[in-house]
Amino acid sequence: METPKPSRRSQIGLDLLNFFMADVETAFGPFVSVYLSGQGWSPGMIGTVLSVNSAVAMASQVPSGWIADRLHRKRLLAAVCLACIVAGSLLLAFFPRYVVVMAAETLHGLTGGLFPTAIASIGLGLVGHRAYSRRVGRNHRYDSLGNGVTAAGMGLLGHFFSARAPFFAAAGLCLPAVFTLGLIRGNEIDYARARQARSSRTDDSVRWRMLFKNRGLLVLAGCLFLFQFANASVLPLASERLATHFKFESELVTSALVVVPQFVAALIATWMARKADEWGRKTLLILAFGALLLRTGLFGLIADPWFLVGVQALGGLTAAVVGILTPLVVADCTKGTGRYNFALGGVGTVSRIGATVSTTSIGFVAQSYSFAIAFGALGVVALIGIGMLWLFMPETAREALSDD
């Protein structure tokens with residue numbers, strides 16, 4: 001099969017779209033809590049609106065995938081995300097009232113399902129399955145760079161100007177994002193390639209229930225649940241311990257804990273994407289779980305804040321591997337089905353459930369026992385994930401790539 005050759009313009013457009021969309025999404029993270037606290041909101045009210053964001057993001061994963069598989073104009077999904085970001089940012093900045101903030105967080109939650117799907121389908125439609133690993137590596141590099149730059153830049157805006165500044169910046173960054181979206185040529189995004197179908201007919205997709213018979217897809221979903229369960233609570237636990245024992249350094253160290261893994265992930269993303277084809281998906285996934293196990297152990301045993309900043313480099317490694325391997329394994333498992341984006345949404349939903357369960361349950365463990373025991377529990381979950389991968393995960397790349 002002939003390998004697609006998208007233009008340099010489209011490739012660069014997708015690179016920059018990843019960068020700017022990471023920028024605008026970051027504004028809705030910790031900056032929302034800081035802003036609403038300054039407006040006199042109680043922790044309970046803040047927690048409620050943030051949970052709405054998470055719930056909508058989780059619920060929108062599968063529908064977004066279904067829409068992406070049916071929609072011919074893939075760039076439209078990214079355009080809808082940008083519109084949601086602009087509307088949500090301005091609503092938050094100008095009207096910090098409960099109902100309005102709930103609406104803004106709902107709009108942003110929608111982007112949590114739509115944007116990853118849009119990026120995945122555009123990238124796969126541009127380059128095809130055989131070159132997809134390199135494309136995913138580039139996506140992850142620019143996404144990580146965007147997150148790292150914004151975590152620093154928007155924090156400075158909020159500190160030196162006002163707590164509203166990050167939201168105005170988020171809305172403003174949508175302008176260059178729209179421009180970069182326009183750089184991607186729509187006629188280069190093949191409809192069949194973008195959903196892993198054999199033809200462009202919409203009626204040739206396999207029934208969605210058939211995906212539940214795919215062993216690789218099911219094992220991946222289970223492993224991602226375990227990964228997010230073990231990973232999602234590491235940084236919140238570390239930040240809470242810093243605030244308790246090293247409160248004079250906590251803000252600076254917490255910022256470093258966020259930024260360091262993003263830049264590490266950006267540095268290694270393209271190299272890791274190449275190795276995904278050379279070494280295989282299974283080997284790299286086991287490596288990621290091993291790094292997570294080591295990271296949880298070091299966080300549990302060592303409390304020195306600046307040593308832990310160095311340990312966070314392992315977080316960059318795990319983020320790069322899992323962020324790159326997830327769409328690749330799903331692409332391997334759904335080849336010829338026409339259900340790629342739907343399956344990716346399903347796996348994303350399971351992953352988010354793991355993160356949600358983790359932050360809820362591990363917080364109680366830390367409160368009832370100790371931070372060390374909480375980190376130890378996360379390590380046990382990571383170890384279970386290694387065993388599950390070793391025993392049950394097939395190597396999905398070998399057969400899928402050999403047919404191209």
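Cβ coordinates come from backbone N, Cα and C, glycine included.
Here TrEMBL gives transmembrane segment for one range in the set 6-29, 342-365: that range is 342-365. Taking residue pairs at least 6 apart in sequence, the transmembrane segment (371-392) and the transmembrane segment (217-237) share three or more C-beta contacts under 8 angstroms. Taking pairs at least six residues apart, the transmembrane segment (309-330) and the transmembrane segment (252-272) share three or more Cβ pairs below 8 Å and count as touching. Outside the transmembrane segment (342-365) by six or more residues, the chain places 54, 57-58, 61-66, 68-69, 113, 116-117, 120, 208, 211, 217, 220-222, 224-233, 236-237, 326-327, 330, 333-334, 373-374, 377-378 with a CB less than 8 A from a CB of the stretch. Within the chain, the transmembrane segment (107-132) has long-range Cβ neighbours (under 8 A, six or more residues past its boundaries) at 1, 3-4, 6, 10-11, 14, 17-18, 21, 25, 28, 52-65, 67-69, 74-75, 77-78, 80-81, 84-85, 87-88, 91, 139, 184, 188-191, 193-196, 327-328, 331, 335, 340-341, 344-345, 348, 400-401, 404.
Beyond its flanks by at least six residues, the transmembrane segment (76-95) meets 17, 21, 24-25, 27-28, 32, 35, 64, 67-68, 101, 103-105, 107-108, 110-111, 114-115, 117-119, 121-122, 164, 167-168, 170-171, 174, 177-178, 181 of its own chain at Cβ-Cβ distances under 8 Å.
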